[in-house]
Amino acid sequence: MIPNRRTLLAALAAVGTLASLTACSGGSDDGSGSTDASGGTYAFWDPYPQFDASSPWGKLVSECGTKAGVTVKRTGYDTTDLGNKALLAAQQGNAPDVMLVDNPVVSTLVEAGILNKTSDLGLDTKSIQKNIIGAGTIDDASYGVPIGANTLALYYNKKVLTAAGVDPASIKDWTSLTAALNKVKAAGKKGITFSAINTEEGSFQFLPWFWGAGGDLTKLNSDKGVAALSLWKGWVDDGLAPKDVLQNTQTTSWQEFATGDYAFGENGTWQLGNADKAGFDYGVINIPAQNGGSAPVPTGGEFVTVPVQKDSARYDVSKKIVECLTNDTNLLATDTTLTYIAPTAAVQTKQVAANPKLEPWVSAVAAARGRTSGGLGSKYPTISQPMWTAVQSALSGGKSPKDALDTAQSSAEKG
Amino acid sequence: MTIARVDRPRRAGTVSKASGTGGTGSLPLRRRQRRRSRLTALAFVTPLLAYLAAFYVYPLYRNLDLSLRDYTVRSFVSGDAPFSGWDNFQKVLDDPTFGPAMRHTMIFTFVSIAFQYAIGLALAVFFNRHFRLAPTLRALFLIPWLLPLIVSASSWSWMLNSESGVVNYFLHFFGVDPVGWLTSPDWALTSVIIANIWIGIPFNLVILYSGLQNIPGELYEAASLDGASAWQQFRRITFPLLRPVSAITLLLGLVYTLKVFDLIWIMTKGGPGDASSTLATWSYQLGFGSLLPKFGPGAAVGNILILIALVFGLLYIRVQSGQRRQET
C-alpha cells in the first residue's frame, strides 16, 4: 500500500509541477507588461520577417531601444497574420509595447480599442503628409505614425513597347492604354499583368482603376465601378491580360512581368530593387484615369503604433522608441532599405536627391489615398472582400461586371 | 473477461475472511482500501482527463461559445460579447455562399472518395499479384503521402496554371485549346478534386492491400479449379471478403476529405469567386481571410462542419460495432 501511496503522491506532484510550470510561463509572458521602467524588456512586433537581427532594420530597432534605455525584443510576423495575432494578444492582455502594422489594419485595431492616440502619447505628426497619415486617422484622431508609404504604378518594358511602336508618353487614359495593349498583342508580345487574387492584394490592385473611373467604395455597383471592372474583364477576354491574373499575387505578377514578355505590369514601389535586377530597360508611368490624368492610387505601407498597456508608465519609453524610429535620419535609412517613399516632404527631397528614379513615385504617393480614409475606417474590410470576390467572378466569366458588383454591393451593405 | 470477473469477488472474499478474524477494525479497513485504490485509479486517469479537457473539450466549448455570441473585434478583446443564440447560424444559413459551399463540400467529398477508392482498389488488386517490381512500384505510389501538402498542392497549382502550366502545354500538342484549370469557374472544383484524388490514393491502396493479404489464397485456387474467371473471382471472393476493410476505408476517407482545407486554399483560395469554396475554406475565410475577422459566423460554419463529420463518425462506429458482432 505504501508504494501505491507514493505513486499517487508522485503523480499528483507531477501534475502540480506541470500546472505551476505552465502558470509560470504564462506569468513570464505577462512580464512584458510589468513595471520595470529602468531597463527592462520592451516587446516590438513588425511584419518584416525577412529581416533578421543582423539586418539594418533589426539593428535600428535594437539601437532605438538602447537609446531609450531598454532592451527591445523584436518579433517579425507575416503581414496577413499580424492583425489577428495582435487581437489575440490584446485579449490575453499581453499586447506588444510597439507594433508596426499594415495601414488598413490600423482602423480594425482602433475599432477593437487596443491602440493609443498619437496625441495622448504626445507624438508629433504635423510634418507627415495628410493623405498618408489618413489611413491611420479615425474621427480626426491619428493612431500611429507611418514609417513610409508605397503605392502602385505601371512598370513598362521599353524594348517591348519600342518593338510594338508604342510611345509610353502617349498613354494618357484608358482608351490609349488599351490601344497600346492591342498594338503589343499584334506585335506578338503580351499586354499587361496584374494581381486579381481573392485577397486584399486583389482589391489593392483594382482600386486605382475603380477610383480612376470616379468610383466610390460606398457604392460598388455604380456605373463607374462597372466601367472599371469591364475594363479589366475586357483585357482578360481579349487576351490582353493573362487568365492567371486570377491567381496572381503581386509577387507572381511581378515574376510574369520579369520574364520580359509583358509590356506592362501593375506593381508597387517595393519592386524597384527587383526591377534593376530584371535585366531589361524599364520605365514607370502613373496609372491613367479613365478620362485622362493620373488615377488616385491606394497607399500601402506600415504604421508604428503603441498598443494599450495596463501599465501606462511604459508609454514614455515606447514613445521614445517610436520617435527614434521615425526621426528624419532613420526614416531615410529605413525607407531606402524597404524602397518605400518617406511620409514627410523633407525626407522625400533627400530620397529623390539620392535616387532620381523615385521621382514618379513621390508624385504618385502625393496623389494616393488611404483605403480606410474618408470615414470608411473598419467598414473598409467589409467592402473590400465583396469587391475582390466580384472581380474574381467577373474575370472568370461567371458573372457580368454589373451582376458581380450588384452582389458585392448587397453583401457589403449587410456587413 | 468472464474468468477475471469470477476471480475478483473470490479474492475479495478471502481477504474479508482473513481480516474477519481481526474483529471490529475490518469494515473501515476494507473501506479505506477501496478508497485508496479508487484514488490510485483516479490518479492514473487524471492526466488523460486533463489532456482531453485541455485539448478537446475546451476548444470545442470555445468554438461553440464563439458561434453563439455576437463577436465584434472590440468585444473579442474585452470579452463581453452579448449572447446571441442562433443568430450566427441563421446568418450563415441565409448567406448566398452557404448553398454553393455545401454543394461543393459534398461534391468534393463524394467524388474524391469514389475515385480514390476505385483507383486504390484496382491498384491493390494489381499489386497483389506479386510480380517482380511490385514492391518498388508500390513504394512509388506512396509518394503523394510522403510529400508535405504544401509541396504537392503548390506543384499541382503550378502544373495546372493556365498560362505556363505543363498540363496545358501537353494539351497544346494534341491541338486542345488551353483550359483555365484554376481560373475558370467550370473547372476550378474539378481541378482541386483531381489533386485531392491523387493525394488520397496511397491511403486507400495501403489499407486495401493489407486487407487483400488476409484473404486466404486457397479460395482463389478452389475458384480457379471450378473454372471461375478473373472477374468472377474478384466479384465473388475479393469484393465480399474485403467489405469490412472497404467500409472502414470509405468512412475514414469521408471524415478526412470533409475537412480538407489546405489543398484548396493553396490552389485556389476557394476561387475564382466562390467556385471552389467548401465549408472548410469558407469558415477560414470568415475567421481569418479578411482584415476584419468575423469570428462568430466563422465558428458557426466550423460547427456545422463538425456536426457533419460527427454524423459520419457515428456511422463509422455503428458499422464497426456491427462488424464486431458479426465476428463473434
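Note: Cβ is positioned from N, Cα and C throughout, glycine not excepted.
The compositional bias 'Basic and acidic residues' annotation in TrEMBL covers B:1-10.
As annotated by TrEMBL, domain 'ABC transmembrane type-1' applies to B:102-316.
For B:1-32, the entry in TrEMBL reads region 'Disordered'.
The annotation transmembrane segment is assigned in TrEMBL to B:39-58 (among others).
Annotation source TrEMBL lists transmembrane segment at B:106-127 (among others).
Proximity of distant same-chain residues to the transmembrane segment (B:139-159), defined by a Cβ-Cβ separation under 8 Å and at least 6 residues beyond the stretch ends, is recorded for 123, 165-167, 182, 191, 194-195, 198-199, 201-203, 205-206, 262-263, 266-268. The transmembrane segment annotation in TrEMBL covers B:139-159 (among others).
Annotation comment: TrEMBL describes B:187-209 (among others) as transmembrane segment.
Proximity of distant same-chain residues to the transmembrane segment (B:245-267), defined by a Cβ-Cβ separation under 8 Å and at least 6 residues beyond the stretch ends, is recorded for 105, 108-109, 112-113, 116-117, 120-121, 149-150, 152-154, 156-157, 160, 182, 191-192, 195-196, 199-200, 203-204, 207-208, 210-211, 276-278, 280-281, 284, 305, 308-309, 312-313, 315-316, 319-320, 323. Summarising the annotation, TrEMBL assigns transmembrane segment to B:245-267 (among others).
Remote same-chain partners of the transmembrane segment (B:295-317), defined as residues 6 or more beyond its termini with a Cβ less than 8 Å from a stretch Cβ, comprise 60, 63-64, 66-67, 69-71, 76, 81, 84, 87-89, 91-92, 95, 101, 105, 248, 251-252, 254-255, 258-259, 279-280, 282-288. Residues or ranges marked as transmembrane segment in TrEMBL: B:295-317 (among others).
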